[in-house]
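Asks: Below are the features I grabbed from TrEMBL:
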type: REGION; residues: 1-30; note: region 'Disordered'
type: DOMAIN; residues: 86-233; note: domain 'HhH-GPD'
type: BINDING; residues: Cys235, Cys242, Cys245, Cys251; note: [4Fe-4S] cluster binding site
Amino acid sequence: MPRKPMFDPPRSATGDEAEAPPHETAATARGRAKANATAARLGAAVARLTPDEIVQLFRRFEAANPSPTSELVYVNPFTLLVAVVLSAQSTDAGVNKATKPLFAIADTPAKMVALGEERLREAIKTIGLYRNKARNVVALSERLIADHGGEVPRERAALEALPGVGRKTANVVLNTAFGEPTMAVDTHMFRVANRLGLAPGKTPLAVEDELERVVPDAFKRHAHHWLILHGRYVCKALKPDCGHCPVADLCRFPGKTAG
């Protein structure tokens, strides 16, 4: 059977499927959470990938996708920041559908403040938690104008000080907008790092710290996106596609599927 592309997205809406989007059933959300908890438990018990195996792993990811990037649509660091804030508990496809017309009229902090919270709510009402997100986006836009001259800062602490921005969002912006070798550990990275035996950990921060330690410098710039895409399209939470996994021979996960 021919091998499918490593990161071939499904025909349905793409997105952060394990982040419990608004349309996801409670049962499915529980299943995804259980899959990640199982991955963390097994990750602590399985043998770790060796340094040579880790190099092999990332060489294969690199060969399949030399320049991976976010699936969120953006036009500058500010719109990336907004898109990432909006993406929490929402699909990338759903966010992109809302932000395409939004960014056509509000692609800077000043324009976003001028748009105002009420009109922003209307523009993003198809996205989960849109009221809180609209409030945060306007507030962070005001803060960028007041504290950073309308520019998105390149420092983690400054990013995390913005309304609605946590460590994961800051890491995504630092990596994608500014090329920093940061690891934004979302649900996909957490699961993949544990299943592979790459960077086992019981919390996202523990996995992030371990990835920083074990990922070779040559691969750190893109490791974030490779691992997310692998978890999104191949190493899925409920039904991993092990039969088409390009690193199945390296993977330590004992629950591999046939195919």
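Every residue, even glycine, has its Cβ placed from backbone N, Cα and C.
If you look at the structure here, what lies around each of the features I listed?
Replies: Helix, strand and coil content of the domain 'HhH-GPD' (86-233), in residues and according to DSSP, is 104 helix, 0 strand, 44 coil.
Annotation for Cys251 ([4Fe-4S] cluster binding site): same-chain Cβ neighbours under 8 Å, separated by at least 6 residues, are Arg195, Leu196, Gly197, Cys242, Cys245.
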Asks: Excluding Cys235, Cys242, Cys245, Cys251 themselves, which residues in that chain have a Cβ inside 8 Å of the centre of the Cβ atoms defining the [4Fe-4S] cluster site?
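Replies: These residues sit around the [4Fe-4S] cluster site: Arg195, Leu196, Val234, Pro240, Asp241, Val247, Ala248, Phe253, Lys256.
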Asks: Name the residues of the same chain, 6+ apart in sequence, whose Cβ is under 8 Å from the Cβ of Cys235 ([4Fe-4S] cluster binding site)?
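Replies: Within the chain, Cys235 ([4Fe-4S] cluster binding site) has Cβ neighbours under 8 Å at His188, Arg191, Val192, Arg195, Leu196, Asp241, Cys245.
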Asks: Would you mind giving the whole-number mean pLDDT across the domain 'HhH-GPD' (86-233)?
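Replies: 97, rounded to a whole number.
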